[in-house]
Amino acid sequence: MTIALGQFTKDENDLFDTMDDWLRRDRFVFVGWSGLLLFPCAYFAVGGWFTGTTFVTSWYTHGLASSYLEGCNFLTAAVSTPANSLAHSLLLLWGPEAQGDFTRWCQLGGLWTFVALHGAFGLIGFMLRQFELARSVQLRPYNAIAFSGPIAVFVSVFLIYPLGQSGWFFAPSFGVAAIFRFILFFQGFHNWTLNPFHMMGVAGVLGAALLCAIHGATVENTLFEDGDGANTFRAFNPTQSEETYSMVTANRFWSQIFGVAFSNKRWLHFFMLFVPVTGLWMSALGVVGLALNLRAYDFVSQEIRAAEDPEFETFYTKNILLNEGIRAWMAAQDQPHENLIFPEEVLPRGNAL
């Protein structure tokens, strides 16, 4: 019996190895395999948004002017969602709706699906980029895990919510004022601010801002070696060979302030990761629930009593009336295809009126 000792050798011109060597080469801007997804999708998403906000009207889908060409500014320009009649069509340029006509494709709202889908894959590509780089330099993948929070929010709001409704029409358009309109829509039709998942999202984002402010201030406060530079920011010298702040001093300070404090840096920084990411995940779950038209808190007993007793009113019943007003005033403008008309006498008014 013959035993061959040695290493299996591949063909020197193996295509995969050649691509891997080029993609993962050490350069100023890392490309990587994730870059094959990230860079094209990000380019098309951003380019599509600039094209839409600069040149494309929303007259045929929303009855609105939405581009710089029509007189909008940065706050009012948008890439608008397709009309409700197009339902969940991908609106491909070569599809049955546009039939290869670029102008018609833009008029139908094809740029919105183009930007939304390329944007989603671009964000996923950016997360994969963080995974790939972390693996290359032997880091843990927590940066990528943290970035899954914004991805979850984007996908739930721009893709899953309209998929649960009758069409892409009910997703947010890509613009500043358009997002504000969508927030009003969410409040009026879903009572979103009283949803516990929204509450967790707000607690996560604002809690993270508080944690960042406290953490940054504490580190600056406990510096014990500022370096020997003459300028005001000598503490920011990046060439110091070791840490120059005191965790022990910080622990003692916050123990006196709150009675409790983080005892080690790992738990502290994990908590700073956990709070915002969990908040974003929870808010994304809440939006998925809204896609299915699930209701959160409906205090029916208060509504019944308010209907029976003109003098009984709570902040909850006042908010319900506000939501009815939002629905009534938005529906006629926001859903022109329904030809909704609300006479003055049916618009909601508070008990005091």
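Using N, Cα and C of the backbone, Cβ positions are placed for all residues, glycine too.
The structure displayed is predicted, hence computed values, not measured ones.
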Among ranges 91-107, 125-141, 312-328, whichever one Swiss-Prot labels transmembrane segment: 125-141
Cβ neighbours of His215 (plastoquinone binding site) where a neighbour is any other Cβ within 10 Å: 16
Cβ neighbour count (within 10 Å, all chains shown) around Phe262 (plastoquinone binding site): 19
Non-local residues, at least 6 beyond the ends, that sit with Cβ under 8 Å of the transmembrane segment (125-141): 24, 30, 32-35, 37-39, 41-42, 147-148, 151
Beyond the flanks of the transmembrane segment (153-166) by 6 or more, those residues with Cβ under 8 Å of it: 81, 84, 87-88, 116, 119-120, 123, 172, 280, 283-285, 287-288, 290-293
Proximal but sequence-remote residues of the same chain as His118 (chlorophyll a ChlzD2 binding site) (Cβ under 8 Å, at least 6 apart): Cys41, Ala42, Phe44, Ala45, Gly48
